[in-house]
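A.B. asks: Right, I'll just put the structure down here and ask away after.
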Amino acid sequence: MTLGARLGLIAALCVAGALILPLIAVVWRAETLSGFKPSDAGVLWFTLWQAVVSAGLSVLLAIPVARALARRQFAGRGAVILILGAPFILPVIVAVLGLIAVFGRSGVVNVALAAVGIDPVTLYGPQGVILAHVFFNMPLATRLILQGWLAIPGERLRLAATLGFAPPDTFRRLEWPMLRSVVPGIFLVIFLICTTSFAVALALGGGPRATTVELAIYQAFRFDFDLSRAAILGGLQLILGVGAAILSLRLTLPSGLGAGLDRAVPRWDSASPLLRAQDAVVIALACGFLLLPIVLVLGEGVWHLTALPSSVWLAAVRSLAIALAAAILTLTLALPMALAVVTTTRGGWIEVAGTLSIAASPLVLGTGLYILLLPLTNPVKLALPVTLFVNVVLALPFALRALIPAMRDLDRDFGRLSTSLGMRGLDWVRLVAIPRLRRPAGFAAGLTAALAAGDLGVIALFASPDQATLPLVLYQLMGSYRLDEAKAAALLLVVLSLGLFWLFERGTRHAEA
Amino acid sequence: MLKLEAVTLSQGSFTLRADIGFENRGVTALMGASGSGKSTLLSAVAGFLRPSAGRITIAGQDVTDLPPGARPLSILFQDQNLFPHLTLAQNTGLGLRPDLRLTDDQRRTRDEMLERVGLAGMGDRLPRDLSGGQQSRAALARALVRGRPWLLLDEAFSALGPALRNEMLDLLRDTAMDQGLSVLMVTHDPADARRIADSTAIVTDGEVTAPLPTQALFDAPTAALRRYLGD
């Protein structure tokens, strides 16, 4: 085994240990179910049904959008694909603020409804939680389903054309089988994401009707100071996560984040003006739904940027530091792990160790770390390191997913050449690995930095005011109805997280053969 | 002398046995149908595949346990012989120092070799800016500057057209002779063997026949060669 692969093995063991210890702590602290309250059943029920509805709606709405994008080539199509990718790295709390600007009490929709004499709708409650989940996951579903659509071989569509297939025939013979194979996996992924929803539920949910397990952990922790109840809820969330993870092993999961969406498949059956108009409307609606909330927030935020108190800027600096540290740490772990996955015989286990965190939610990890740290020190003092740690662990699966295929290519194409020339250790890293892996590594670093900068999860559990990160400050501004400042802070946060992603991703893009 | 002493190679259900020696100097061709195991044999010599039995020696030294980079040989593959993100000069320089920290002398050696293979002044280019033939030349230049006594070729020029391929084979023979290298090349094409190989061994039915002088072999084909040629 090479030194790099050995380092990867050590990294994998560390990650697995760092994941499993807090989870054991949670289970150990939760020992009895005596703390289980009847209201917790309601919490579990809401977590499950809102996730089913959110995932179902996201997929249903995504199908027409994906179909329109699959069969139309138009100016600006690349921009639409980009917009569909943005919510993945958009800070949750910013999107929530945007949805409030559109659907909130004094939002655009209610103003319009009042003008025609209809009672205002409220965003708070299950409907708001589901709406926000659809906002985040419909674009993800669209991109994943679009991949499926583009994977239908062009030859088959050509054959369909020679046989004179009308759109319903194409749907039945080609598109429906494709959907049937990809949609269940996509549904499950989104269901999983929605069951661990915290920030959305924190901002738009709450109360007996709209509390997720994650939110209940937070409340038990922050409001009731009841650690054992938090641990019981944590155990519950863990069962949910592990159950979903086991379920997902039985399905082929979509390989998200895919490239190659920049082309449409030539089609001969859908040139009718009616279908063209239908596709145009679908795409325009999807873009409007995604853009309007963000444009409203950021557009207004610009005017209040200079009025931001220094505490917000300080929080931004903290977020920036966490984001950069998370990116560096994640790569430091992921690169040797990817090498070990590819070059050692039992590499599969290392990959499993790196993706374990999918089953563990941020707040469960946070609770576990709190329990572990409590006998040693005041955990609140470590709010920022803990946030950093949780972000690294949660970003690791994405980083590995980006790096492992690239590492595999590198090993397959140039492994023998490098060995035959005796290139080893740092020479290999400098002359082969860095130049060949800079793109996926840049992508992984950018993604990690963006997610860490925008993360509102475990920090809410731990932080005292002097340690707040930018997303937490933004949430607090919203809570005290200082919406102008909140919008300016949102602008700052978007610039920070999307900017970091852009810098890492673009900065490593050029120079490829 | 490069010797395979009672070597057994296994890959899945495939086994190849070889008990054979290749003479220093000159070019030896390893000929056989696809799937006969000739490339497997070469990867064992190069150090990518461990024999399940037997040992491999080069000039009396047991190399069976040496890593590929430490063996007294260079190898050219069918493709991916150059790193696409490094220039020709860098790709060639790797043969002198795997960390590319070259001395002035080494730079001179590198440039002379590039000139020798007909790539003078092209050191700054990336592989993608070169033709297939030029890429092969660069890979050959690197193998030559490494100065290892043995040069292995695994169908190295088979992706080139006939004219270019002959040109490369001639260049290979001439440069190898200049540098006193011994060449072991895998090919499926009898024409390649007849063009430059001093002796030829046939890989067939899980065995390797002893190398015979190419001319004599083709004048009076053995049973193994007749089976391979199909007449």
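Here the Cβ of each residue, glycine as well, is placed from N, Cα and C on the backbone.
Heads up, TrEMBL stuff is auto-annotated, nobody curated it.
Okay, these came from TrEMBL:
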- A:7-28: transmembrane segment (TRANSMEM)
- A:44-248: domain 'ABC transmembrane type-1' (DOMAIN)
- A:48-69: transmembrane segment (TRANSMEM)
- A:81-104: transmembrane segment (TRANSMEM)
- A:124-146: transmembrane segment (TRANSMEM)
- A:182-207: transmembrane segment (TRANSMEM)
- A:227-247: transmembrane segment (TRANSMEM)
- A:280-299: transmembrane segment (TRANSMEM)
- A:316-504: domain 'ABC transmembrane type-1' (DOMAIN)
- A:319-342: transmembrane segment (TRANSMEM)
- A:354-376: transmembrane segment (TRANSMEM)
- A:382-404: transmembrane segment (TRANSMEM)
- A:441-463: transmembrane segment (TRANSMEM)
- A:486-504: transmembrane segment (TRANSMEM)
A.B. asks: Hey, would you say the transmembrane segment (A:81-104) packs against the transmembrane segment (A:354-376), going by three or more CB pairs under 8 A that are 6+ residues apart?
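C.D. replies: Between the transmembrane segment (A:81-104) and the transmembrane segment (A:354-376), contact is absent.
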A.B. asks: Under 8 angstroms, Cβ to Cβ: which one of A:7-28, A:227-247, A:319-342, A:382-404, A:441-463 has the largest number of such pairs with the transmembrane segment (A:182-207)?
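C.D. replies: Most contacts with the transmembrane segment (A:182-207): A:227-247.
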A.B. asks: Which listed stretch (A:7-28, A:227-247, A:382-404) has the most C-beta pairs under 8 A with the transmembrane segment (A:354-376)?
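C.D. replies: Stretch with the highest Cβ contact count: A:7-28.
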A.B. asks: Apart from its near flanks, which chain residues at least 6 from the ends of the transmembrane segment (A:382-404) lie with a Cβ under 8 angstroms of it?
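C.D. replies: Distant contacts of the transmembrane segment (A:382-404): 15, 18-19, 255-257, 318, 322, 325-326, 329-331, 333-335, 337-338, 341-342, 351, 354-355, 357-358, 360, 362, 365-366, 369, 373, 437, 440-441, 443-445, 447-448, 451-452, 455, 457-459, 462-464, 467, 469.
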A.B. asks: Among A:227-247, A:319-342, A:441-463, A:486-504, which stretch has the highest count of C-beta pairs below 8 Å with the transmembrane segment (A:7-28)?
C.D. replies: A:319-342
A.B. asks: Let me spell it out: take the transmembrane segment (A:227-247), skip the flanking residues so only those 6+ beyond its ends count, and list any with a Cβ under 8 Å from a Cβ in it.
C.D. replies: 23, 25-27, 29-30, 33, 35-37, 40, 43-44, 47-48, 188, 191-192, 195-196, 213-214, 216-217, 220-221, 358-361, 363-364, 367-368, 370-371
